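Working notes, beginning with the structure itself.
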Amino acid sequence: MASNESSSQMKIVHGDAGYILEDVPHLSDYIPNLPTYPNPLRSNPAYSVVKQYFVHMDDTVPQKVVVHKDGPRGVHFRRGGPRQKVYFRSDNVLACIVTCGGLCPGLNTVIREIVCSLSYMYGVDKVLGIDGGYRGFYSKNTITLTPKVVNDIHKRGGTILGTSRGGHDTGKIVDSIQDRGINQVYIIGGDGTQRGAAVIYEEVRRRGLKVAIAGIPKTIDNDIPVIDKSFGFDTAVEEAQRAINAAHVEAESVENGIGVVKLMGRYSGFIAMYATLASRDVDCCLIPESSFYLEGKGGLFEFIKKRLKENGHMVIVIAEGAGQDLLTESMQAMDQKDASGNKLLLDVGLWISHKIKDHFAKENKMAIVLKYIDPTYMIRAIPSNASDNVYCTLLAQSAIHGAMAGYTGFTAGLVNGRHTYIPFNRITEKMNQVVVTDRMFARMLSSTNQPSFLKPKDIHEIKKAEQPPPLTPLLEGGNCNGGEEAEKVEQIPAQVLEGDNVKDKQKSGNHTESCII
């Protein structure tokens with residue numbers, strides 16, 4: 001294999017049969033003659049019986065899993081896991097952990113596992129917690145973390161380190177890292193946080209510091225690309241069932257009852273879609289990727305009336321980012337952003353509840369009883385479930401193995417069921433979204449038996465753009481709960497799929513494929 005291209009954030013290696021490795025940086029790329037040491041796991045009794053525990057240096061994981069026999073092997077990522085040699089002596093390691101952005105189930109589990117695995121696997125006893133997100137590097141005191149301190153924190157929601165949005169001052173952060181003698185930095189956060197981690201890595205490299213920068217992707221919305229899913233997503237879908245069930249009980253207990261549930265999903269509707277599929281009690285699911293309209297033939301009001309006549313009640317699930325274009329038409333447009341640069345959204349749950357009430361009040365033919373439930377902060381604040389606890393544990397261990405082996409400037413993530421090291425720029429280049437032309441979205445529509453709410457002119461545009469379907473291309477591993485991948489078909493034109501909120505955020509017009517169960 002030959003390396004044809006390289007950059008400070010990603011090394012491209014080309015091999016036979018169309019093989020491409022998008023490799024992550026290594027400390028030896030910019031620091032010559034680094035000494036190596038035997039991996040302490042060799043003498044760890046827990047691993048003495050494990051066969052082939054160490055990952056081979058040439059092991060890689062394919063990004064795409066559906067191939068043709070004569071097709072190229074495609075893009076691969078370096079497989080995560082422990083190596084025979086490490087680039088840090090255990091007694092010289094001073095690690096730090098920082099959590100940034102919004103809360104998400106599993107944060108404390110990741111923190112606990114980083115501390116415990118560094119101690120139990122590698123004999124590292126110096127770990128600092130950075131208090132309050134990125135600004136904690138230069139404006140707050142650190143917290144000493146030991147296995148005893150973090151022993152029970154996975155049973156609590158939130159993060160014991162505290163978190164914040166913004167506060168990213170690269171110079172001050174790297175000064176703090178350098179002054180404190182920190183040589184491993186574990187950064188837990190979403191795409192904005194990982195973008196900040198990439199900048200920190202660039203500055204560390206520019207200064208020639210022997211500091212490994214490892215990211216662990218966190219987003220409850222599951223909107224980070226490349227990886228199979230984000231930690232906390234399973235827990236969020238599970239907890240959302242409680243709200244949906246409550247809305248269903250309220251709705252079916254009265255005549256013409258409507259239960260409206262608003263779930264997380266600023267730009268991606270994965271939680272709403274999967275919660276709808278899991279529940280089977282939802283009559284209508286509205287997500288940011290699929291536009292809808294209220295009045296007229298084929299609109300939401302018409303569907304509500306039809307469903308109430310059929311069943312006497314209904315449940316509507318709406319993602320927080322859905323229908324923002326309709327809100328800005330009927331309310332004063334907002335162009336404010338939070339400290340992370342995310343556009344502040346109007347409350348679509350309250351807005352649509354008032355719209356439904358007003359519409360049926362004007363008709364005077366059908367009295368309705370509407371109950372609105374917003375469980376957002378209850379879901380974000382709970383501890384992770386068993387599935388996410390296991391996932392968080394393995395993510396943390398994967399990040400540690402990579403840092404100890406000298407890899408840096410990477411995000412640890414699951415790709416096609418295997419732990420990998422992914423270059424920062426691949427994680428931050430675009431956003432994972434529901435593809436409204438694939439099988440998963442169709443399954444959701446068939447589950448609720450709802451219309452797609454596309455306007456006639458939109459359908460005309462789609463049909464106009466239709467081309468004969470090509471052979472199934474190489475397909476990416478899905479960014480959700482695993483399973484076979486849907487065939488990629490023609491994309492709906494961007495103007496149909498994107499509200500203003502998506503345009504602000506998304507860099508690419510292409511939508512990452514979601515997966516099929």
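Glycine too: its Cβ is placed from the backbone N, Cα and C atoms.
Automatic, uncurated: that is what TrEMBL annotation is.
Check TrEMBL against the ranges 50-85, 482-517 and you find region 'Disordered' recorded for 482-517.
Note on the domain 'Phosphofructokinase' (96-401): mean pLDDT across this stretch is 93.
Among the residues the record lists as binding substrate, namely T219, I220, D221, M264, G265, R266, E320, Y377, M378, I379, R380, the two farthest apart have Cα atoms separated by 17 Å.
Here E320 (substrate binding site) is compared against the binding-site residues G102, G166, G192, T193, and the shortest C-alpha distance is to G102. It is 13 Å from the Cα atom of R165 (ATP binding site) to that of T219 (substrate binding site).
The maximum pairwise C-alpha distance among G102, R165, G166, G190, D191, G192, T193, the residues recorded as binding ATP, is 13 Å. Close to G265 (substrate binding site) in the fold, though at least 6 residues off in sequence, lie D221, I271, A272, I287, P288, A319, E320, G321, A322, each with a CB less than 8 Å from its CB. Ranking the binding-site residues G102, G166, G190, G192 by how many other Cβ atoms lie within 10 angstroms of each Cβ puts G166 at the bottom.
Using a 10 Å radius centred on the Cβ of T219 (substrate binding site) and all shown protein chains, the other Cβ atoms total 28.
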